[in-house]
Each structure stands twice: as structure tokens, then as C-alpha cells.
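According to Swiss-Prot, the features are:
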type	residues	note
BINDING	Leu76, Gly108, Leu127, Gly128, Lys129, Met130, Thr131, Trp132	S-adenosyl-L-methionine binding site
Amino acid sequence: MRIGLFAVGRLKSGPEKDLAARYFDRFAKAGPAVGLELTRVAEVAESRASNAETRKREEAAMLLKSLADGSILILLDERGKALDSEAFANLLGSYRDQGKRELTIAIGGADGLDPSLYDRADATLCLGKMTWPHQLVRTLIAEQLYRAVTILSGHPYHRV
């Protein structure tokens with residue numbers, strides 16, 4: 001199953017970008033053994049519209065336009081469902097085992113996500129109830145993707 005990340009906003013050079021890249025690289029190397037492939041990390045510029053609702057609508061349109069037909073869409077939102085790492089790995093494994101070919105994980109902009117995305121989403125997850133900066137969210141999801149691969153492959157990286 002091909003997995004992509006869609007993020008509103010660009011990750012600037014620095015330790016967050018380096019760490020995210022390290023985990024995406026680990027995922028890209030280990031994922032194919034369990035049927036998961038990193039296809040892309042797409043960054044789009046934040047909308048310059050004058051109000052939040054228009055910005056969210058424009059950013060949602062960019063995301064929806066980039067989705068492949070039939071792609072699973074997982075939104076990251078502080079109001080989403082909290083999963084532990086094993087449950088997240090099992091969710092990815094379940095989509096893979098159902099024969100799903102594409103999965104996109106979306107990180108919204110500073111204003112959040114447009115309501116239309118919740119209607120389209122297959123799942124809405126959170127990385128905890130706290131609000132995280134977008135730079136850290138990207139790093140956290142990169143690490144969790146790598147951790148999911150290690151869980152699915154029985155690698156000892158994930159210890160309970």
C-alpha cells in the first residue's frame with residue numbers, strides 16, 4: 001500500500017526537518033518488507049486568503065485535488081481518536097490487508113481543517129489532546145509510521 005503525507009505549510013530547514021527526514025527514510029527502507037511504501041511528502045503553501053474559513057476551504061481543495069481515486073484519507077486533528085502505536089500499526093495493516101492501494105495522511109494548516117474533509121475522511125486521529133506545532137506533528141507521524149512498520153514486522157524497536 002502506498003502511503004503519502006499531505007501537509008499545509010513548508011517545513012523549514014532545522015532539527016525538526018532533519019529528524020522527520022530520518023524517520024521517513026527509515027520507513028521507506030523498512031516498509032516494503034511489510035507491503036507499505038512511502039510515495040511522497042507533499043507540502044503546499046498556506047492559503048493567503050483574508051479569513052480563516054476561506055483559507056481552510058482553499059487548503060482542503062488542494063488536498064482533495066491531490067488525492068488518488070479510492071485513496072484512504074486519515075486526518076490528523078486534536079479532536080480525533082487517540083490510538084496507541086500498536087493500534088495505529090494495526091489500522092495501517094488492516095487497510096493494507098483489505099487491498100487498499102493508496103493512503104494519505106493529512107496535516108492541516110494553522111486554521112485547522114475544512115469541514116468538507118471530515119466528510120471525506122476514513123479516519124480522524126490525534127497525536128494526543130494537546131495542540132502541537134506543525135513541524136513536530138510531521139516528525140511525530142514520521143516516527144509513528146516507522147514504528148508501525150517495526151510492529152508489523154515484529155522488529156524489537158517497539159518495546160512495551
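Backbone N, Cα and C atoms are what each Cβ position is placed from, and that goes for glycine too.
Feature map: Swiss-Prot annotations on the structure.
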residue	record	Cβ neighbours (10 Å)
Leu76	S-adenosyl-L-methionine binding site	23
Gly108	S-adenosyl-L-methionine binding site	24
Leu127	S-adenosyl-L-methionine binding site	20
Gly128	S-adenosyl-L-methionine binding site	9
Lys129	S-adenosyl-L-methionine binding site	9
Met130	S-adenosyl-L-methionine binding site	7
Thr131	S-adenosyl-L-methionine binding site	9
Trp132	S-adenosyl-L-methionine binding site	16
Remark   = Leu76 (S-adenosyl-L-methionine binding site) falls, by DSSP collapsed to helix, strand or coil, into strand
